[in-house]
Amino acid sequence: MPVITLPDGSKREYDAPISVMGVAADIGPGLAKATLAGVVDGKEVDASFEITQDVSLSIITAKSEEGLEVIRHSTAHLLAQAVKQLFPEAQVTIGPVIEDGFYYDFAYSRAFTPEDLVVIEEKMKELAKADFDVTRRVLPRDEASAYFRGIGEEYKAQIIDSIPANEELSLYKQGDFEDLCRGPHVPSTGKLEYFKLMKVAGAYWRGDSNNEMLTRVYGTAWASKKDLKAYVHRLEEAEKRDHRKLGKKFDLFHIQEEAPGMVFWHPNGWSIYTAIEEYMREVQRLNGYEEIKTPQVVDRSLWERSGHWDKFRDNMFTVESESRDYAVKPMNCPCHVQVFNQGLKSYRDLPLRLAEFGCCHRNEASGTLQGLMRVRGFVQDDAHIFCSESMIQDEVSVFTDLLFKVYKDFGFEDVIIRLSTRPEQRVGSDEVWDKAEKALSDALDAKGLPWQLLPGEGAFYGPKIEFSLKDCLGRVWQCGTIQVDFSMPGRLDAQFVAEDGSRQVPVMLHRAILGSFERFIGILIEEYEGAFPAWLAPTQAVLLNITDNQAEYVKKVENSLKNKGFRVNSDLRNEKIGFKIREHTIQKVPYLLVVGDQEVENNSVAVRGRGGEDLGVMTVDAFTALLEEQISSKAR
């Protein structure tokens, strides 16, 4: 008879087989009520799963990530059940869990509308309230395929037909609706209380643009009303901060159909861009980087030698000229090796740090493009460090210090670090990988930095560390990376003369801090909601005259501040001062400098912050000192 070991090490012995729910009820009625599923010997199972032998068991409730996934997967089925009741001719396809929710794809004679979603959600609530038991049965593959074809679900049958013939498949039924799924699911639909349908989109069957277009319905589901409300609030905040809307509001950039995934930078946006570039150029110079510039279009032979032509060709823009094939570079690394290869290098030249604000182009699918966050043309703060194996740890350590300084200057201090180690398919010996992985982990440990291990997630050419930022809405953005590369230098004939006179292949460290400038600026726009710190703001201050009497003085001060390198403008329009203040406050200019007769007489300005705070009357020199301090300290 089964002996069940619980997570706290305690054991429970039973005289007969018992279900996961039965064990939960034996522990206590509160746990039984909260039980959604279980984990038996490491495998997730339904609450109805019968235990017949000695096992380890943990109960899944809504308080865990596993529980939340069960809720979301089950809610996707609830959505499909509601759609089938409301639109019987619709066919169901797939409905996976995604971050913060789920989606389900449907084949129907028309796309669903936002009005349809309201009706579908109400039907889902009705079905949840009915509290249908969710039951599981198993069928052989061919029998499952025949079953779904028999009820008119051709898409499900196609999915099943692609599964090996000897497989048994599980089906889950609730009320009159049955769907294919590996499970586990909640015990009954009454467990599904806190959900919301979010939007409708199009999706090709099996992700292939040659197939028919389906309707994808997105939803979210949570363990409590409080969690659902908080998520909806975050979405509303994200919508309010959407960089595409703010880009238009603050006249920063636009993207148009004639150049999909390519950015048209407006003066305000380009001001931010160049401020970031100048900042990165200076911090890299101070940290031993030498800036280079490499060609935009390169013969395919280099990409063949580097391995990119075989692995990345579909994502490359190519062109033919004079019977030669060229590619617009999708990354900078092969070109950086060409710079390294010019002239024989010695061990005394290492580490050699080559940096480029490299413009790259990748032929991303049009459906994946999203404002500045996913583009086809972008610039990276790209650099490659050529060094010996013994230098890896020190270089990673120095780079990490630089990365954290840069992130802090931009206002990000919550950084998630992940170390990805060797995959099954890789180049290089285990001994070399051991050294490289240890160098990366030791560099992080020496700084006392917390990090997560991702076994097997490294690139085929070497392990890597990825640095992700968490923004004010709790969203995570992977920006920085440092990757060890044992492959490319050798493929492209890079060598240096070692201390013993032998020729050796250097290790190459690929590294970036911001990643794509475009994406990083998109993150900044949303993080600051357009209220950029003074050092980044397109316009750092605006001078406002009260009457025409101050116009000459205002222009004089404007020119003086511009000559000091500040980004300032003047507003001499014949409008009431209150109107002008409101207009520039809406534009989130850091400082408004109001000038009346008294300010002219005293060679001063009345300073207002963008939040409406009165900073008092200052001499022009005093304001200059204030702005210089704000810029140099990277104050937020």
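Glycine is no exception: its Cβ is also placed from the backbone N, Cα and C atoms.
It should be emphasised that the depicted structure is a prediction, and the values quoted were computed from it without experimental measurement.
As recorded in Swiss-Prot, the features of this protein are as follows:
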- 1-61: domain 'TGS' (DOMAIN)
- 242-533: region 'Catalytic' (REGION)
- Cys333, His384, His510: Zn(2+) binding site (BINDING)
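When the binding-site residues His384, His510 are compared by the number of other CB atoms within 10 angstroms of each CB, His510 has the fewest. Within the same chain, residues at least 6 positions away in sequence whose Cβ sits under 8 Å from that of Cys333 (Zn(2+) binding site) are Ser306, Asp382, His384, Asp485, Met488, Met508, His510. Here the region 'Catalytic' (242-533) returns a mean pLDDT of 94 for the predicted model. Taking the centre of the Cβ atoms of Cys333, His384, His510 as the Zn(2+) site, the nearby residues of that chain (Cβ within 8 Å, site residues left out) are Met331, Asn332, His336, Asp382, Ala383, Gln483, Asp485, Met488, Met508, Leu509, Arg511.
DSSP states for the domain 'TGS' (1-61), grouped as helix (H, G, I), strand (E, B) and coil, give 14 helix, 24 strand, 23 coil.
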